[in-house]
Amino acid sequence: MNKKDHLRKDEEVSTTNSLVAGSLSGLFARTCIAPLDTVKIKLQVTPHNKNANVLINILKREGIRGFWKGNVPGSIMYIIYGGAQFGSYTYIGSFLRGGLDLNISPQLYSCLVGSLAGMTSSLASYPFDVLRTRFAANSQGQLIKLRDEIMAIWSHEGLMGFFSGCGSSMINIGLNTAIMFGVYESIKIFTEERSKLSDRRDPFTLLNELAGPISGFTSKLATFPLDTVRRRIQIRNSPNEERHDREFTKDIYKSYKNRRFLGVGISMVQQEGPLSLYRGVTMSLIKSVPSTAISLWSYELFMNKLG
């Protein structure tokens, strides 16, 4: 457990290397979890369906390639998001160390910097997140071109269509990354300190290795309701409603019209019950735990390779 931790407070890390390593880790994570991401989004935006029904419907209507629906904007989003997240984490950390004398613990430092990095990466990659959501929500088997979807959003909603729900997303992602980096570094620091005081290293070595999955599980579970609401907001004004599984949910989506984030959340609870905020949470955890672990692990791997 004596390897360099590139996310630790006071570590001197190249912002350029962090940007490159973050982009590569984002692409690597996306490649591994794309099918799970598609199913998770389907569950979030389609009321009343169950996991098994979604899986069967995708296979029947779209075939196996349906699980990679929106993979191009999804991959671009993960590359931009990963690069912006880790690159801004390093840059913001360097700025705070140089311009401010923050007398805070490494754990709190990770929460603060992680939150700012999360909001930065969310804003930078958000248009592709909107595209990814609309591609994944599409229930028809025919191939949709990225250019056509971009032009449809531009024609019907204008520039702001690519940033639908962006404000709430930045809060959601900021909170998510604050928890993720905070828990990750807390576990790393705890295990390193305990291993120095104990002759039995194995339990702490295992916990150290599980820092990524645990941080992913904790952050996703804590912020999932916010993520579900923002997914609904992202497709409520979609110019291609007929593509989505919304034949029996049009009245539900009409009730979201002109409502802000909190209003949509309240409407979901009133019409579908409190558990609607956690629709797809099982699939999300199955996706997010390995995704976060892969992202953090591969980031450290690429950083070590880049020197």
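Numbers here mean position along the shown chain, with the first residue as 1.
In case you wondered, yes, glycine gets a Cβ from its N, Cα and C as well.
Quick caveat, the model's predicted, so the values are computed rather than measured.
Swiss-Prot has this to say about the protein:
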REPEAT    13-95  repeat 'Solcar 1'
TRANSMEM  19-36  transmembrane segment
TRANSMEM  76-96  transmembrane segment
REPEAT    105-190  repeat 'Solcar 2'
TRANSMEM  108-126  transmembrane segment
TRANSMEM  160-184  transmembrane segment
REPEAT    203-305  repeat 'Solcar 3'
TRANSMEM  210-226  transmembrane segment
TRANSMEM  280-297  transmembrane segment
Practice problem: Helix, strand, coil: count each for the residues of the repeat 'Solcar 3' (203-305), based on DSSP. | Solution: 83 helix, 1 strand, 19 coil
Exercise. Kindly report the helix/strand/coil residue split of the repeat 'Solcar 2' (105-190) according to DSSP, in that order.
Key: 74 helix, 1 strand, 11 coil
Self-check item: Residue distribution over DSSP helix, strand and coil in the repeat 'Solcar 1' (13-95)
Solution: 73 helix, 0 strand, 10 coil
Quiz item: What is the pLDDT of the repeat 'Solcar 2' (105-190) when averaged and given as a whole number?
Solution: 87
